[in-house]
Amino acid sequence: PFPNVSELRPSFVLAALPGPAGAQAWVAALLCGAYAVALAGNGAVLLAVRLEPGLHAPMYLFLCMLAAIDLALATSTVPRVLSFYWLGAGEIGFGACLLQMFLIHALSAVESTVLLAMAVDRYVAICHPLRHAAILTNAAAARIGLAAVARGVLFFLPLPLLLLPLPFCGSRALSHSFCLHQDVMNLACANTTPSVVYGLAAILLVMGLDAVLICLSYLLILKAVLRLAAWKERLKVFSTCVAHVCVVLAFYVPLIGLSVVHRFGRDLAPLVHVVMGNIYILVPAVLNPIIYGVRTKQIQRSILSLI
């Protein structure tokens, strides 16, 4: 028999943190506070770079891209989660779920590409300082940003398209407060091998490859730093990379943790899945502007002058 419309276009049930209503209200308040910090912090970075001519350089343009991505990623998920906690809107339509899933994965791929570009920028600045201005111009940074967006869209647009024709005839309860590819795919009552294979290949060819290249960049940077004779010079040079290393860890550690939970955590408590999902979405968006605001004096001065 052909699947009916409700099987092909179902509504999915979002997951909430288990517990009494009072505890969930505190969770919603915490999420709202984190979202407000992410909006304020990333918005301040964008405004500071926009209004300060001295910050119109590739390094700060990449930082603006990172802030814009974090804003888009948080905005595509957190308002929907808050409506769930505050208004009881616990279901999400099929089309809205696929759109949200695509935005989360595509924006994550764009952020991974920008982090790789920032690592290359640090490598060129430290290992080839005389060629840095000629290689990484503002125009080159803009082209890298466009390529990052195109890469994210092209690699992750097939994910919702592969799920579009599948029937969903069993449970429709998600493991997170938003839609992720593997979470939605596991609810389909049909052969999902193409989705499994393509999803794994896309993750490895984008995030996996970027992580390897970032590590390679820092190995080359470390090799160049160790050639310096004085320890003070080594620390001074490597200190320029500290903020980027922290941002890379803030992105990849939650990503790896969420992947491990999906792969090996089927028997874990629902609390773990919900918490890990929220950490993956909010931690980079909250920490990135704080890290760069603390470590970059030019941004500090610009924000203080705006205030």
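Backbone N, Cα and C define each Cβ position, glycine as well.
Fair warning: this is a prediction, and the values are worked out from it, not measured in the lab.
Among the features that TrEMBL reports, domain 'G-protein coupled receptors family 1 profile' is placed at 41-292. According to TrEMBL, the transmembrane segment annotation covers 25-48, 60-86, 92-120, 132-157, 196-221, 242-265, 271-294.
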Worksheet, complete the sentence: Contact set of the transmembrane segment (25-48) with the rest of its chain, CB cutoff 8 A exclusive, min separation 6+ beyond the ends, reads 17, 19, 55, 63-64, 67-68, 70-71, 74, 78-79, 81-82, 85-86, 278, 282, 285-286, 288-290, 292-293, 299, 302-303, 306
Worksheet item: Quick one: do the transmembrane segment (132-157) and the transmembrane segment (242-265) have at least 3 Cβ pairs under 8 Å, skipping pairs fewer than 6 apart in sequence?
Response: no
Worksheet, complete the sentence: Maximum Cβ pairs under 8 Å to the transmembrane segment (92-120) among 60-86, 196-221, 242-265, 271-294 is reached by 60-86
